[in-house]
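> Sequence annotations record features per position, and here TrEMBL assigns domain 'C2H2-type' to 102-125. According to TrEMBL, the signal peptide annotation covers 1-23. Sequence annotations record features per position, and here TrEMBL assigns transmembrane segment to 221-243.
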């Protein structure tokens, strides 16, 4: 075989090898892209986890304390019921260990921030979500003031009467369905409270206070302040008592010394 033939054969082998490698790389790339597209398509949830969390926070802090006080059982058909929150089970499986550590309650894996734990839920525990029913709590954000809970409205915005009317209507429908007036005194009181606590603030007048009845957050802060003040006062009280008793003992000893110093000696 001549030198030219050997070179031609080598070039042919290199060309075939290059085509095989290129074909393999393209195939792997296409396969990976297909898997990714299928994963994204399969894990697509048309419900905001963040806004659902804000809606539940409003319910838990500004409604549930009054519901518990009335010993009222919210029916499962009420959209405010925990079972109607798509992410409720996952949210209850969050373990906040420390400021920079969150742990998954399902597999005990740790993360540096809550957002990474949310991504972990989406990727690894998506099968635990019941997406067969429409249970997106974020759909109630207009009625429950999620923007206030998320602190996203730091500046004043122009009031939209149409949006306000829509949110108020949704809010009032929640009051009617969750706390029917026909269900007795407790339901009637909670119906009225819900209107004042959530619905009355849906106005462009700017005269209605949001959550005027307060909630769990304010109550817990108040009791925390009282507890801290009490803990500070107890040692101070004992210190005052100790100093008072010390002064009393000192005064008694001085009174006992006075007769000895002023006593006259008898003549011999």
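Keep in mind that glycine also has a Cβ here, set from the backbone N, Cα and C atoms.
All annotation found in TrEMBL is predicted automatically rather than curated by experts.
Surface or core, plus neighbours and distances: that's what I need for these features.
Proximity of distant same-chain residues to the domain 'C2H2-type' (102-125), defined by a Cβ-Cβ separation under 8 Å and at least 6 residues beyond the stretch ends, is recorded for 43, 45, 49, 90, 92-96.
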> On the DSSP side of things, how many residues of the domain 'C2H2-type' (102-125) fall into helix, strand and coil, could you say?
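Taking each residue of the domain 'C2H2-type' (102-125) in turn, the totals are 11 helix, 5 strand, 8 coil.
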